[in-house]
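Feature annotations, reproduced from TrEMBL:
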type	residues	note
DOMAIN	A:22-249	domain 'ABC transmembrane type-2'
TRANSMEM	A:24-43	transmembrane segment
TRANSMEM	A:58-80	transmembrane segment
TRANSMEM	A:101-128	transmembrane segment
TRANSMEM	A:134-156	transmembrane segment
TRANSMEM	A:168-186	transmembrane segment
TRANSMEM	A:228-246	transmembrane segment
Amino acid sequence: MSPRILAATTGRILRQLRHDRRTVVLLVVVPTVLLVLIHAMYADQPTPPGQRSLFDQVALVMLGFFPFVVMFLVTSIAMLRERTSGTLERLLTTPLRRLDLLFGYGIAFGLAGAVQAGIASAAAYWLLGLRTAGSIRLVVLIAAVNAVLAVALGLLCSAFARTEFQAVQFMPVVVLPQVLLCGLFVPRGQMAGWLQAISDVLPLSYAVEALQEVGAHAEPTGLMWRDLVIVAGSAVVALVLAAATLRRRSG
Amino acid sequence: MATTATPTDTAIDVRDLVVERGGRRVLDGVSCAVGRGTVTGLLGPSGSGKTTLMRAVVGVQTIRAGRVTVLGRPAGSPALRRTVGYLTQAPSVYADLTVRENARYFAALHGRGRAEADRAVADVGLADAAGQLVATLSGGQRSRASLACVLVGRPELVVLDEPTVGQDPVLRAELWTRFHAMAAEGTTLLVSSHVMDEAARCDRLLLVREGRLVADDTPAAVRARTGTDDLEEAFLRLIRASEDHPPDRRAPHPQRPDDTRAAQRRRPGREETS
């Protein structure tokens, strides 16, 4: 990798995003609107004895979901555009290396995801009264790493889509099972063994567990750091696999 | 910057190149050489294999057999990514960036600065549109924006696939003046075209038809060989001659020469079978 080319590529991707004002507004506003909705939904639900309120439990996990879902979609489409517009082929004839491009996407959209998570977290804590034992900074950090994971998965999946329609279909295939099995709807410990086994190999499960650790403990726990490393490691693996899908020569 | 391994007078050397795409032979044993510091025109009807030949030279085309040597190295060598510039037929620039932002990005990939990027934009006549999003440009402007992103890397070899499509005659003339100025400074240019009046501006011509090289000569030699001053007519005669004496077991071409002429005059589609 070349730091100069990586920086130029990251800047270029962020500049593209900046020109798309409507997307920027949607990225920033939608999570907050949905959090307000969730807050209203759970307003009259009784808090289970000895537990945190349902809103606190759900909203915390949602802060990890938003950048995961959104950055996966944004990245899949952006990378598909690179492939279909010919810019990818052109880039591969320049001194740019494949990892310069993929890490450029990881950093650019990871940053966008961090900003999104930061704004959504600020709204959740200060507007809607979300309470966690641990720090909001850890929540944003986990959400940002989760965004990078989503970018990496999006880059990988875009290689298997020829059209935007197909790319969007990878959302229910790749993202939804992770959301269903991450432990929000049914605690992972209460799932059937085979479901747990699937949940264990899905990286989002670890992001959610890390967030729940922040919810329950005032100080960062060893389990939280381990989970965060697993999520980051999964992102790197997905990026390297995505690099293998970028072919300089084609038929 | 990077120097080539074997400095010779040959920029591109293609030997017995065979390319198959989707079970069809797109290039069928093409051999040719392009000298350094020259402007070589690659001509032929749509679907003849021009784009495939250019892709093989740039090193992005999977080849079946043969050898392509560029600036002394096998085509597609990593070192060539600094010295070979490729303009694809469809403009491959970012529609959601301005012309200037596109040029600056591609400049940065080649280690060039912002001033050089701005100069490249001005050189293709887009100084006034530099701050405009590429998505809002006309087709001709878009393809010039794409050209600026090639030239900004100051490549030793420039491969241009239909760079003048959709340009008005004045701009076309300016671009050709610029190509010759680059050649005079030692840059090698391989330029494909559908337009026969552009053939006359080249130092050397390669005529491709149905995956085979029909002519490889200077414009003057082509005219002399065919006994006509009109290059379009000259090419028709060369094509007819090649059809009368097919070089292999191929079936005679169903297409009549008149169709070829019409095809060459037609505006090329944006998507040639590339």
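The backbone N, Cα and C atoms fix where each Cβ goes, and this holds for glycine too.
Within the chain, the transmembrane segment (A:58-80) has long-range Cβ neighbours (under 8 A, six or more residues past its boundaries) at 13, 16, 23, 27, 30-31, 34-35, 38-39, 42, 88, 105, 109-110, 112-114, 116-117, 120-121, 124, 128, 130, 132, 139, 142-144, 146-147, 149-151, 153-155, 157-158, 161, 163-164, 167-168, 170-171, 174-175, 178-179, 182, 184, 204, 207-208, 211-212, 214-215.
Packing against the transmembrane segment (A:228-246) from elsewhere in the chain are residues 88, 92, 98-99, 101-103, 106, 141-142, 145-146, 148-149, 151-153, 155-156, 159, 203, 206-207, 210: each is 6 or more residues past its ends and has a CB under 8 Å from a CB in it. For the transmembrane segment (A:24-43), the list of distant contacts is 17-18, 53-55, 58-59, 62-63, 66, 70, 112, 115-116, 119-120, 123-124, 127-128: same-chain residues at least six beyond its ends, Cβ to Cβ under 8 Å.
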